[in-house]
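TrEMBL annotations:
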- 625-641: compositional bias 'Basic and acidic residues' (COMPBIAS)
- 625-650: region 'Disordered' (REGION)
- 26-48: transmembrane segment (TRANSMEM)
- 211-230: transmembrane segment (TRANSMEM)
- 236-261: transmembrane segment (TRANSMEM)
- 282-302: transmembrane segment (TRANSMEM)
- 308-328: transmembrane segment (TRANSMEM)
- 335-356: transmembrane segment (TRANSMEM)
- 376-409: transmembrane segment (TRANSMEM)
- 531-552: transmembrane segment (TRANSMEM)
- 558-580: transmembrane segment (TRANSMEM)
Amino acid sequence: MGCCSSAAQSSKREWKPLEDHSCTDVPWLLLFILFCIGMGFICGFSIATGAAARLLSGYDSYGNICGQKNIKVEGIVNSGLDLTHNKYVFFLDPCNIDLVHQRIKSIALCVSACPRKELKTLADIQKFAETNGSTLCSYELQPSEYTTDPRAAKLCPKYPVPESAPIPFFHRCAPVNISCYAKFAEALITFVSDSSVLHRLISGVMTSKEIIMGLCLLSLVLSMILMVIIRYISRVLVWILTILVILGSLGGTGVLWWLYAKQRISASTVETQIAKDNLQALLIYAISATVFTVILFLIMLIMRKRVALTIALFHVAGKVFIHLPLLVFQPFWTFFVLILFWTYWITVLLFLGTTGSPVPNEEGFVEFRMVGPLKYMWWYHVVGLIWISEFILGCQQMTVAGAVVTYYFTREKRNLPFTPILASVNRLVCYHLGTVAKGSFIITLVKIPRMILMYIHTQLKGKENACARCMLKACICCLWCLEKCLTYLNQNAYTATAINSTNFCTSAKDAFIILVENALRVAAINTVGDFMLFLGKVLIVCSTGLAGIMLLNYQRDYTIWVLPLIIVCLFAFLVAHCFLSIYEMVVDVLFLCFAIDTKYNDGSPGREFYMDKVLMEFVENSRKSVKEAGRGDGAEGRELKPMASGASSS
């Protein structure tokens, strides 16, 4: 499948950008299609075996599906009932949650209506049944026996019965007051020793929900503004980002210490638990911001001599976005497709949870379980989640690479296709889906062992010895590093495929050779560029966080704003990462195109450079700057040999 071609043949082969298009890695495309057919089979099987009906309509503890006639289950009483008019699942004790098996540990019945008000006694339950025709006790009890039969204590709901409402589309009666589910969350969050803390955190989120939504929208606007700034003022962007990050870090740290000092003075007069929690949170924030600011200053001090290289690189990438404005919207389409696939995947996973044959459990109720090889279908489903998700991300990388390659290797920019993005998508679909399938499968092979080790580490937490814990963490860390390296190599392999239409292994080998030959340039230019994009993410998070601090500060007397601020900052970083990752991708593709251009062309007639004057200026400035930084270093001088004389004339 393309992994066995010799290095000699690769070195003799001439690169012919955009001149020849051919299908690559077709066997891997066929394998991926077969795998997707298997995913479809799992979905069809779960629907055919009644899982969809059980998930959507719900079923009771005796195996009856609500809202239809049912077949008798051997050995189970109350099974095979006609529940055509009983369309809702009602739990006798909805707050009795089994944390181990992650389910409601209660008898479930099919009822005709959910109790829309609280029922405090058995008499109220009996009156509700007589008035609404909805029996909330087990099927063997008649409404007239609710207050007289001694079995009612076990067969009727635990009272007071909370007010409940049906969940849309899923026909389950859910309590309107979610306090019992808050207790479930408390059990999961083991670091909360005082249950009242979680209640105050949740109330803080609910009280500040309008502010949270506004700040999330602000982070989206700031990210788009930053992308516009990158397009039009890329020459001064690095200096602007550097100055703003310095001012933002100092300002944010100063504001946090000022608020801490101010609230510490006022806390002496107002002794409330919320005020104490906010004061402690402010102290933690202020110390963290101070440490972060010091580390940031040290890194920027080390990087200061290479800022000029990044300015030139950003200018070239900015020109790409001017000519290819649709690149900005790539994160939206990718995110939309991922959301659609994840929704499908979760739906099928829920189907699998109710798939199988009815089997009596230890308590005499019915559970649906798959037997034989079919019970391992969810493993296949999990692999599909990783592979197809990576495939979608790989398609985005190949699309961006194809568009940027088209821009770079088109000498006359006015001859660019009307929509290079759509042209790149067309080449991807017609020729290179197999290459993306192969690259994403390689990432999947690394992700799965890492996830298994992380699961084992979580399950054995507190049980394994120090040596085993250290080995597990080391393996997880190594696999994570390998995954990041392979992801970077995959992206460059996609670029090589977009340039020369070669299969994945050949492209990965060619890209790896190019990157090794330009190792110092990768370190000196690409890394600094990524760091400056990271500063852009920091700027958006700091701006959003600072706005959040100022707005939430007005609610400090009655709201804990620790969790709202964390939610806002995480969302801001996610949005900034989605936008700026496209810019980072463009920078990486441009660098590989530039390296290939300088290796296989020398500016002579018939071998002219593809790069324009701005990029040539970038090359010369990079060579001079790195030479000055490493004067006297023979290895660096050999790697950055002077350009051909024809370069300056192009």
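A Cβ is built for glycine as well, from the same backbone N, Cα and C atoms used for every other residue.
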Request  = Mind pulling out the one from 26-48, 236-261, 282-302, 376-409, 531-552 with the most Cβ pairs under 8 angstroms to the transmembrane segment (211-230)?
outcome  = 531-552
Message = If you count every Cβ pair below 8 Å, which range out of 26-48, 236-261, 376-409, 531-552 shares the most with the transmembrane segment (282-302)?
response = 236-261
Key: Recorded stretch that, among 236-261, 376-409, 531-552, has the most CB pairs under 8 Å to the transmembrane segment (335-356)   = 376-409
Note = Spatial neighbours of the transmembrane segment (26-48) not adjacent in sequence (6+ beyond its ends, CB under 8 Å) are 1, 344, 348, 351-352, 354-355, 374, 377, 380-381, 384, 387-388, 391, 433-435, 437-438, 441, 504
Key: Within-chain partners of the transmembrane segment (531-552) [C-beta distance under 8 Å, separation at least 6 from its ends]   = 208, 211, 214-215, 218-219, 222-223, 226, 238, 241-242, 244-245, 248-249, 251-252, 255-256, 259, 296, 299, 303, 310, 314, 559, 561, 564-565, 568-569, 572-573, 575-577, 580, 583-584, 587
